[in-house]
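A.B. asks: Okay, handing you the structure first.
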């Protein structure tokens, strides 16, 4: 998940409403040989609340969470989105599957044939089993209450599901079977969403970005000496030399 657009930095913290870019890429030593399709995507809070946002065919279910993906190249998919979060948790965990197939000679990669998704149509994997991908929530007060074994999808950003539903989610993610010559990869990423503040601010880059090396970029430590409203900035080594010279002068003239 990148900041701003397809060329942005990977993020680890973001503010609600901030624009981000979901990007999936596969590396290959050969050109014009393989095709990739992203599908079966879910988002969860790490505590059991799981919502499906792409079905097993690779089509988006809720345009406010994630729209239908674009495929700029054979092995790349992406789409812009805006940061959201669960009501009582800041962490978001995204999990998807990528199907890799061999590209037919002199042809284009097959892409999902998806209709324009509506809003508030994400499918929650709740108690009682996984809901069918792409099925809209039952309209309130329009039909009799469904039987206990097949409850209507609940609000995707509220409620809790029991541990048994974790197995249902696994079945949901494994629902799509591999076709001959197809390989399916599971990928997962995460970031933390921060609440909106009434005071304008931006996160510093070391907190905002997730560096691929696994740590923050090292920056030299600097010290400040203040005198009568003025500040002088110097490195830690410079401050050490300055103090050493002062001690030497005091010792020489003392």
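Our numbering is plain: 1 for the first residue shown, then up by one each step along the chain.
Every residue, even glycine, has its Cβ placed from backbone N, Cα and C.
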A.B. asks: When TrEMBL marks a stretch as region 'Disordered', which of 103-130, 131-158, 159-186 is it?
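C.D. replies: It is 131-158 that TrEMBL annotates as region 'Disordered'.
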A.B. asks: Using DSSP, what's the helix, strand and coil tally for the domain 'ZP' (1-121)?
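C.D. replies: Counting residues by DSSP class gives 0 helix, 56 strand, 65 coil.
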